[in-house]
Every structure is written in structure tokens, then in C-alpha cells.
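Per TrEMBL, these features apply:
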- 1-40: region 'Disordered' (REGION)
- 46-63: transmembrane segment (TRANSMEM)
- 51-536: domain 'Major facilitator superfamily (MFS) profile' (DOMAIN)
- 116-135: transmembrane segment (TRANSMEM)
- 141-161: transmembrane segment (TRANSMEM)
- 173-196: transmembrane segment (TRANSMEM)
- 208-226: transmembrane segment (TRANSMEM)
- 238-259: transmembrane segment (TRANSMEM)
- 271-290: transmembrane segment (TRANSMEM)
- 310-329: transmembrane segment (TRANSMEM)
- 374-401: transmembrane segment (TRANSMEM)
- 407-430: transmembrane segment (TRANSMEM)
- 442-464: transmembrane segment (TRANSMEM)
- 513-531: transmembrane segment (TRANSMEM)
Amino acid sequence: MGARRTRTIPEEEQPLLSDNATAIPPTSLPPAEEATKTEQEEVGGVRLYVTIGSIWLAVFFAAMDSSMMATLTTPVANEFHTFSLLSWVASSYLIATAAVQPLTGRLTEIFGRKDGVLYCIVFFGLGNLICGIANNTWTLIAGRVVAGAGGGGLFAIQTMVVTDLVPLRKRGVWQGIGNIVFGGGSCLGGVFGGWINQTLGWRPAFLIQVPFVVVSAFVVAIYVQLPSPPHSDKNKLARVDFLGAITLVGSLVLLLFGLNSGGNLVPWNHPLVLTTLPLSAVLLIAFLVIEEKWAAEPLILVRLFLNRTVTAACVSNWFEMMSLYGMFFYMPIYLRLRGLNSSQQGSELISQGTGLLVGSLVAGFAVKRTGRYFYLNWMFIGFYVGASVLLCMLDMAFPLWVAPVCLAMFGFGYGGMFVISLLALIAAIDHSEQAIATSASYIFRSTGSTIGVTITSAVFQNVLKASLWSRFGNEPDAATIIGRIRNDLDLDLVPRSWRHGVEESYMGALRSVWFTILALTVLASLTSLAMKEYKLYNTISRREEEEQQQ
């Protein structure tokens with residue numbers, strides 16, 4: 001365990017693709033300290049379950065909190081009488097989440113994972129408390145920002161903690177279970193919010209989470225033991241890349257702010273959009289220069305992206321999130337067009353979540369058993385792309401049961417690909433840089449979801465508008481009726497002579513969205529094929545294993 005050791009990325013068992021991966025040297029952490037840290041992190045039994053379980057409790061509520069606004073928007077709007085600001089109640093949470101996640105890797109390397117988890121839990125609980133006692137919309141939005149910062153940090157850090165404590169070969173199983181926790185919370189959020197609102201009002205939907213979050217924080221503080229960073233408290237603040245953090249967060253906030261505003265609150269040619277998006281690009285370039293040239297401990301290691309597996313995993317996640325959120329937002333419109341009410345739509349959409357959870361677990365157990373993932377990825381790609389092809393065939397004449405089958409296939413393929421891309425990303429780099437790489441992947445995930453909604457929304461609205469005007473442009477009051485139809489699909493308000501044409505126009509716009517999703521799934525699949533297969537070790541101390549083999 002001397003200073004003679006120089007670490008590169010793990011060797012491949014059998015190179016399945018050409019080109020050797022780019023060697024990625026370790027961080028400046030001395031070898032002796034790295035070994036100590038690794039030995040401390042090898043835990044099991046009750047301690048492992050309590051550690052991960054206590055964090056997952058908070059993650060479950062954070063996931064539920066992220067989706068429950070879907071059923072709380074109307075009562076909140078009715079109380080505050082501010083429908084114009086309502087979209088920002090949801091968007092503020094997502095923007096805060098996206099801004100915080102990329103920072104968590106390096107910050108928890110400096111201050112420690114346990115402190116990171118506790119701070120995020122406190123922020124999440126405080127944000128919900130603010131929401132529960134808010135007396136106006138702006139206070140509610142502020143609470144959502146605070147809660148989003150905490151929840152987003154929890155989503156990222158729990159991934160890092162599992163990676164710290166679980167060997168690569170078993171990592172997929174734990175990721176699958178984590179997906180069940182997150183997916184369960186997300187699926188129950190809307191149901192929970194609606195039920196609480198009907199029985200107690202919308203405020204308890206936020207306040208009732210606080211005691212559970214306090215319990216989670218108590219268990220983490222008292223019982224969870226995670227390795228502390230070896231540096232003194234005196235040096236911690238000096239190690240933080242504040243300039244990099246400001247430029248990265250600024251770039252992400254401006255990007256998501258512009259994308260959420262364009263086409264929703266203001267036209268795409270509005271000065272707000274034309275200012276925020278270019279400025280976001282300028283700050284991103286500044287961030288990359290800072291990280292590469294000046295930062296002593298960069299938030300994101302730009303050189304990691306010289307490794308094609310790291311780049312392929314991140315970009316694949318990017319396209320996957322675009323396709324997932326496009327499906328998530330526009331499948332309910334198809335089901336509504338087929339005559340299903342909100343409750344029935346929710347029942348149909350459960351199949352996608354179920355498929356995702358099953359796909360995650362299948363991938364996890366298969367990798368644990370075989371130690372390989374490259375060809376397994378092909379199977380999940382088949383389901384993922386196959387579901388998108390089937391999606392493009394949907395129309396008003398198709399049997400209604402095809403939709404949930406399509407959703408289940410899509411979720412199964414996506415869930416498996418997501419687990420495999422994370423394993424490939426972690427296996428391709430040094431153990432000391434896994435948290436930084438995980439943070440980088442969250443940049444692609446968070447921006448991918450917003451960009452996916454933006455792309456599919458633009459396709460849908462442009463095709464729908466053109467189709468409606470070509471069919472009904474010469475009718476009396478065409479502009480008024482077409483404007484109403486584009487914002488609210490209520491066939492009871494449509495003139496009877498227009499009804500069939502409106503259905504056809506909506507179906508044509510949806511079909512364009514389906515083909516857009518197919519293109520995104522193909523791009524995600526092709527990108528994922530660029531990932532190499534690395535050996536997945538049965539122990540966390542893979543460095544020591546490799547030294548013994550040399």
C-alpha cells in the first residue's frame with residue numbers, strides 16, 4: 001500500500017469495442033488514505049440496511065413531493081387567486097433540483113456524505129414547512145425552491161452512498177430497489193396529494209411530511225456512520241470552487257428558466273427567452289474554462305469526458321430522459337382523446353412505472369449473476385425501441401389495451417438501460433472520482449427532462465396549430481375556437497361539426513410526437529452502444545484486488 005502505485009481506469013475483461021479507454025488518473029488523495037477510506041466503507045448486514053434505508057425514507061418523500069403538485073395546483077390557485085404564477089410552483093422545484101445536483105459530488109467529497117445527507121434533509125423539511133404555512137404564492141414558490149434543493153441533493157447523494165458501500169457487481173440490485181423507492185414515491189405523490197386535499201386541505205400535504213423527515217434525519221445523525229473526509233475543517237471552505245459553482249448554477253437556472261418560459265408564459269421570440277438562453281451558453285463556456293484551467297478541485301472533471309464510456313453513459317441518459325418525459329406528458333392526452341377520465345388515465349400510466357421497476361430489478365440481478373452487461377443492454381434496447389415503434393402505430397382505431405402494453409415495454413427497456421449505464425459509468429473510472437462522475441450525469445438527466453418536454457411540446461403545438469387552421473381556418477370565429485382547442489381538449493365545448501376534425505388533428509399532432517420520441521430512443525440506444533464493458537468486482541476494494549493480480 002505504498003506511494004509507488006499509480007491508478008488508471010479498470011482493465012476490460014474482453015474489449016467488446018475498439019479503442020482503449022482514456023486513462024484517468026486519481027485525485028490528489030494519497031494512496032494510504034484512499035485505502036483506509038475503502039476499508040472503512042466495506043459494511044454489511046444491519047448497518048448497511050439502516051444506512052441506506054434511513055436515506056431512502058427521505059428520498060421516498062422527496063419523490064412523492066416532486067409529483068404531488070399535479071393534484072394540488074387547483075386548490076392552491078383557488079386560495080391565492082394567481083393562476084398566472086401557478087406553473088412556477090412546479091417549475092421552481094425542478095429548477096432548484098437541477099441546480100443543486102451537479103454540486104453534490106465535490107461538496108460531499110469535501111464536507112462528507114453524512115453532512116451532505118443531513119443538510120439536504122433539513123432543506124427538504126424546511127421547504128415543506130414553508131409551503132405548509134405560506135400565505136401567498138411567492139412564499140409557496142420560495143418553499144418549493146428550498147424543498148427542491150434538498151430533494152435534488154438527496155436524489156444524487158443516495159446514489160453516491162450506495163456506490164460507496166456496495167460492490168459494483170451487486171450495485172445493480174440496489175439500484176433497482178432504489179428505483180422502486182423513488183418510483184413508488186413518484187407514483188403515490190399525485191394520489192397522496194389528492195386524498196389529503198379532499199380530507200384535510202392542501203396545506204397538510206406538505207406539513208405531514210415534516211415529522212417523517214425529522215425521523216429520517218434523526219436516524220441518519222445517530223446511527224449512520226459514513227467515512228469523514230481526511231482534511232481539517234479549517235481547509236474545507238478554501239477547497240470549494242465557488243466561481244465554478246456560481247457559473248454552473250447560473251447556466252442551468254437560466255437554461256431551464258428560458259425553456260420553461262418559452263412557448264408557455266411568453267413567445268419564443270420574447271426578450272426574456274432571447275436573453276436567458278444565450279447567457280446560459282456563455283456561463284456554461286465560462287464554467288468549462290474555470291474547471292479546466294483554474295479550479296484546484298473542480299466540481300466537474302472535464303477530462304472524464306475523454307473517456308468514451310463516461311460520455312456515452314451521460315449522453316444516453318440525456319436522450320433517455322427526453323424520451324421518457326415526452327411520453328410522460330403526451331400519453332395522457334392520447335388516453336383523454338380515447339375517452340378516459342383522469343382516474344382511468346392514472347391507472348393506465350401505472351404500467352410504465354411497473355415496467356421501469358421490473359426492468360431495473362431484472363438488470364440488477366442479471367448483472368449480479370453474470371458480472372456482465374454489454375449484451376444484456378441489447379435486450380433492453382430491443383424493448384425500449386420496440387415500444388417506441390409500437391407507439392408510432394397508435395391511433396383511434398387501435399385496441400385500448402395496446403397503450404399500457406406499450407408503456408410497460410417502454411418502462412422495462414428504459415429501467416434496464418438506466419441501471420446498466422450507471423454501472424458502466426462507475427466501472428469506467430477510478431473509485432475516488434465516482435461521486436464527481438455521478439454529479440456530471442445528473443446535469444444530463446435534469447436538463448434532458450426539460451429539453452424533452454420543450455421539444456415534444458413544440459412539435460405538438462406546431463403540428464396541431466397547422467392542422468386546425470388548414471381544416472377550420474375559414475370557419476366563423478375560427479381564431480377564438482382554435483385557440484381554445486389548443487389549450488383545452490374538451491370535446492363537449494367543440495362545435496359538433498368540428499369534432500371529428502379536431503380528433504384527427506390531435507391524433508396527427510400526437511403521431512408527430514410519437515415519431516419524435518422514436519428518434520430520441522434511437523439516439524439514446526446508439527449512444528449506449530458506445531459504452532465498453534468493464535469487469536465488475538465482487539468487493540469494493542477493487543484496487544487491492546487488481547494489485548494482487550499484477
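Each residue, glycine too, has its Cβ placed from N, Cα and C.
TrEMBL: automatically predicted annotations, no manual curation.
Here the structure is a predicted model, which means the values were calculated and not measured.
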Query = Which whole number is the mean pLDDT over the domain 'Major facilitator superfamily (MFS) profile' (51-536)?
reply = 85
Inquiry  = What residues elsewhere in the chain lie close to the transmembrane segment (271-290), defined as a C-beta under 8 angstroms and at least 6 residues from its ends?
reply    = 241, 243-244, 247-248, 250-252, 254-255, 257-259, 261-262, 302
Inquiry  = Do any residues, 6 or more residues outside the transmembrane segment (310-329), come within under 8 Å Cβ-to-Cβ of it, and if so which ones?
reply    = 304, 349, 352, 388, 391, 407, 410, 414, 417-418, 421-422, 424-425, 428-429, 437, 440-441, 443-453, 455-457, 513, 516-517, 520-521, 523-525, 527-531
Remark   = For the transmembrane segment (141-161), the distant same-chain contacts (Cβ-Cβ under 8 Å, at least six residues beyond its ends) come to 51-52, 55-56, 58-59, 62-63, 65-66, 69, 85, 88-90, 92-101, 104-105, 108, 113, 116-117, 119-132, 134, 175, 178, 182, 206, 226, 422, 434-435, 438-439, 442, 446
Criterion met for the transmembrane segment (116-135) and the transmembrane segment (46-63) (at least three Cβ pairs under 8 Å) = yes
Cβ contacts under 8 Å made by the transmembrane segment (513-531) with residues that lie 6+ beyond its boundaries = 17, 308-309, 311-313, 315-316, 318-320, 322-323, 326-327, 330, 374, 377, 381, 384-385, 387-389, 391-392, 394, 417, 420-421, 424, 428, 452, 455-456, 459-460
Ask   = Of the listed stretches (46-63, 208-226, 238-259, 374-401, 442-464), which one yields the highest count of Cβ-Cβ distances below 8 Å with the transmembrane segment (173-196)?
value = 46-63
Request  = Using a Cβ cut-off of under 8 Å, list the residues of the same chain at least 6 residues beyond the transmembrane segment (238-259) that approach it.
outcome  = 91, 94-95, 98-100, 102-103, 106-107, 110, 231, 272-273, 276-277, 279-281, 283-284, 286-287, 290-291, 294-300, 443, 446-447, 450-451, 454
Query = What else in the chain is close to the transmembrane segment (442-464), if you only count residues 6 or more beyond its ends and a Cβ gap under 8 Å?
reply = 94, 97-98, 101-102, 104, 152, 155-156, 252, 255-256, 259-260, 262-263, 300, 314-315, 317-326, 329-330, 486, 505-506, 508-510, 512-513, 516-517, 520
Ask   = Any residues 6+ beyond the ends of the transmembrane segment (208-226) with a Cβ under 8 Å from its own?
value = 41, 47, 50-51, 54-55, 57-58, 61, 64-65, 112-114, 117-118, 121-122, 124-125, 128-129, 132, 161, 164, 196
